[in-house]
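The next block holds one structure in the form of structure tokens; read it before the comments.
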Amino acid sequence: MQRIALLTSGGDSPGMNACIRAVARKAIYHGMEVIGINRGFNGFIEGDMGPMNLSSVADIIHRGGTILHTARSEQFLTPEGRARAYENVKRFGVQGLVVIGGDGSFRGASVFSREFGLPVIGVPGTIDNDIPGTEQTIGFDTAINTVLEAIDKIRDTATSHERTFIIEVMGRRNGSIALASGLAGGAESILIPEQPFDYEDICQRLLRGFRRGKAHSIIVVAEGASGGMEVGQRIKERTGFDTKVTILGHLQRGGSPSAADRLLASRLGAKSVELLMAGETRKMAGVKAGQVVGVDIDEALNESRPVDLSLYDLAGVLSI
Ligand code: ATP
């Protein structure tokens, strides 16, 4: 394989740049040429792409976001859009493609690879940690550390004012961020989409704490578990407590990647190039039992990736 291309797609996540660097440098190390595609599948369709060299990826390992920019592409969902992208595969002489993104991006990559026979490898980059077939995704560790920092700061002000603080974090269908940051941040309650909850229970827990002299309470809510504003309102109605809601929003996607995410991004990025060199296609570079492995994309996408409910149970015990 002489020339590979890479793109970032879907939501951005901290560590994508470290991964771009790893893919480019590993490929160049092995004597290949690298084409960077801007703005995800949109740039692929429009031919917004060009050669990368060692210095294109210098000084980015510590930066959040993605220097290649990312997008969600309506056009790539259509056979016509993908055919236009294939014209650019021919025009630029691309022999293999690395797609850094989430499960949607992998579906697109897999369809494209089957239609046109181009070898494609996925690298899981999403803060949600919701991709089947890998224990970790690039960006999750940084995101939960960002949330944790916010929880710690809110805890300081909560202690001073004796209030109930609701912190809404990302996760429309998946409670991974809420669960990990809530447990690590010592939240009184954690609400996630995967687990039904009862306002009566939550309020009783708050009232018990209040009677015991607890100065404040922190509740972490995934956005898919009814949302922070709603939770704040319902608790206020039932307990009369002053509830303050903080919606962390997009700041969870930003920031310099943690050491763990930079390591993961470097390992998975390098693995994606190895997989292409080994003649593999429709594989994802992922982590299983702590080891970096190649996983069949189509098989992985047919599996589900449940949150670890033992963490949920543990958080319930520790916040008694
Ligand atoms: P995140 O987890 O951050 O949302 P994602 O990769 O899952 O990232 P999506 O918006 O679901 O983000 O997918 C990214 C892009 O992949 C879509 O905008 C679309 O262009 C392409 N894509 C998704 N599913 C398909 C599909 N079935 N066929 C072709 N392309 C697809």
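Using N, Cα and C of the backbone, Cβ positions are placed for all residues, glycine too.
Worth saying up front: this structure is predicted, and the values here are computed from it rather than measured.
According to TrEMBL, the feature domain 'Phosphofructokinase' maps to 3-276. What TrEMBL records for G11, R72, S73, G102, D103, G104, S105 is ATP binding site. Annotation source TrEMBL lists ADP binding site at R21, A22, V23, A24, R25, R155, G186, A187, E188, R212, K214, A215, H216. Under the heading Mg(2+) binding site, TrEMBL lists D103. What TrEMBL lists as substrate binding site is T126, I127, D128, R163, M170, G171, R172, E223, K244, H250, L251, Q252, R253. Annotated active site, proton acceptor per TrEMBL: D128, in sequence order.
In the three-state DSSP scheme, D103 (ATP binding site) is classed as helix.
Within 10 Å of G11 (ATP binding site), as judged by C-alpha distances, the binding-site residues found are T126, R253; the full candidate list was R25, T126, R253.
Nearest in space to G186 (ADP binding site), taking C-alpha to C-alpha distance over the binding-site residues S73, G102, G104, S105, is G102. Only G102, S105, T126, of the binding-site residues V23, G102, S105, T126, G186, L251, place a Cβ under 6 Å from an atom of ligand 1. Checking each of the binding-site residues R25, G102, D103, G104 against L251 (substrate binding site) by C-alpha distance, the shortest gap belongs to G102. H216 (ADP binding site) has T126 as its nearest neighbour among the binding-site residues S73, G104, T126, going by CA to CA distance. Less than 8 angstroms from the CB of T126 (substrate binding site) sit G10, G11, S13, G101, G102, D103, T137, I138, G139, F140, each of them six or more residues away in the same chain. Cβ environment of E188 (ADP binding site): R205, L206, G209, S217, I218, I219, S319 lie under 8 Å away, each six or more residues apart in the same chain. For the recorded site, K244 (substrate binding site), the DSSP three-state label reads strand.
The ATP site in the record is lined by G11, R72, S73, G102, D103, G104, S105, and its two most distant CA atoms lie 14 Å apart. Note on proximity: among R72, S73, S105, M170, R172, the binding-site residues of the record, the Cα nearest R25 (ADP binding site) is that of S105.
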